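According to TrEMBL, the protein carries these features:
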- A:12-38: transmembrane segment (TRANSMEM)
- A:50-68: transmembrane segment (TRANSMEM)
- A:80-100: transmembrane segment (TRANSMEM)
- A:107-129: transmembrane segment (TRANSMEM)
- A:179-198: transmembrane segment (TRANSMEM)
- A:210-230: transmembrane segment (TRANSMEM)
- A:250-272: transmembrane segment (TRANSMEM)
- A:279-297: transmembrane segment (TRANSMEM)
- A:309-330: transmembrane segment (TRANSMEM)
Amino acid sequence: MFELFGIPATMLVMFAGFGLLIGILFGFFGMGGSFLVTPALLVMGYPSRVAVGSGLAFVFGTSVIATLKHRDLGQVDYKLGVSMIIGTTVGLEVGKEIVLYLEELGLAGNIISITYVLLLGGIGAFVTYEALKGDSGGGVSHDVDEDAEIDADDIPEIAKKIQSYSLPPMLTLRGGIQVSLWMILAVAFATGLLSGFLGVGGGFIRMPALFYLIGVPVPIAVGTDLFEIMFSGGIGSFLYAQSGGVDLSIVAPLLAGSALGARVGSAATSIVDEDEIKIYFGLMLLLGALAVAVRQAGNYLGMGVLDYVSLALILGSALMVAGAVVYSALKSMRAGTTGTTPTAD
Amino acid sequence: MFGIETLGGTSQAAALVGLVFVEAMVLYVGYGVLESVLGPAVMKLLGGE
């Protein structure tokens, strides 16, 4: 069989194709694509540490590319970013230790899978509900408005409460808001813990956390989030690589495919209305949750065939949504119409 | 792969992360060039012009 750097061509094509789908989703929605990598690797039978570590390395590579694209937008609060990195690093280390400990007990796969089902299912249900309701909310868009300024009415109540704790040292962030460093470290630790435990960049948790819990304006939250993902992904993959958890034969083709897909997806944002596709995105997350649940049921019942059903669900749902994005973009181009969704990635 | 198996744990981990970083940079630049060269022609083709 044809091999490149010792990797069978079929594996290269499969991962590059999967990466392409994920890239289209990431480029279009600005989030969520990488969330499918770790469950897919778990379903394919990779050990938990390889699934999580390679997922993190993929997130690192993707965020390097996204950060390069956003470097000129000036939407990064470096003071906040560095503070977040400190808290996130500790959280990542603790998350990794929990995974390694659970792996020793033989429980890692089960617990990571269950957490995935709850998180993916919860976010998927929320996005689908919001899409059906017809609101523009749901999901975490990386669309940004450079001119947005902070308004006291725009700060969520929880953030106002957190900002009211004046435990020194206090940090003054962009937008003029003051927050205790300890509050920032606590939020960063919690999101880092989830990153390390699930093998995700944590953007889908950190971006809303920065906005809802700390009160950072959305454009700054997006820029700082990307900056932070680059570091948390890099540190996380380094920690896992030390335990042999990063497999380049998985990460390299995934990244090659996703970088191309991200360009297709981000080009589509200027043509297709995101709200038209959002319901598919919610359904994809729900199907992802179902896929992990099916795999767990297969393990419990000793039915190996359910592993294949699960993998088909993950690949099928990613294919469905990426296909819907490309189809809508082509349809709009042919019709000569343009959408209104701004491009961030 | 890429000869990094001979390195120790920490060095190997750093080399792996470095390789992912380099690949990301190469992909960003490479696909950027491709997009600027082929992008308009592909858009015309897909747009049915």
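Numbering starts at 1 and runs along the chain as it is shown here.
Backbone N, Cα and C define each Cβ position, glycine as well.
Because TrEMBL annotations are produced automatically, they should be read as predictions rather than curated entries.
Tertiary proximity for the transmembrane segment (A:309-330) is limited to same-chain residues at least six positions away from its ends with a CB under 8 Å from its CB atoms, namely 18, 20-22, 24-25, 28, 33, 36, 39-40, 43-44, 261, 264-265, 267-268, 271-272, 276-277, 280-281, 283-284, 287-288, 290-292, 294-295, 298.
Highlighted: of the candidate stretches A:80-100, A:107-129, A:179-198, A:279-297, A:80-100 has the greatest count of Cβ pairs under 8 Å to the transmembrane segment (A:210-230). Ranked by Cβ pairs under 8 Å to the transmembrane segment (A:80-100), the stretches A:50-68, A:179-198, A:279-297 are led by A:179-198.
Cβ atoms under 8 Å from those of the transmembrane segment (A:107-129) belong to residues 35, 38-39, 42, 48-49, 52, 99, 138-139, 197-198, 204, 278-279, 281-290, 292-293, 295-296, 299 of the same chain, restricted to positions at least 6 beyond its ends. Within its own chain, the transmembrane segment (A:50-68) has Cβ neighbours under 8 Å at 19, 23, 26, 33-34, 37-39, 41-42, 99, 112, 195-201, 203, 226-227, 229-230, 233-234, 236-237, 240-241, 243-247, 250-251, 254-255, 258-259, 262, 345, counting only residues six or more beyond its boundaries.
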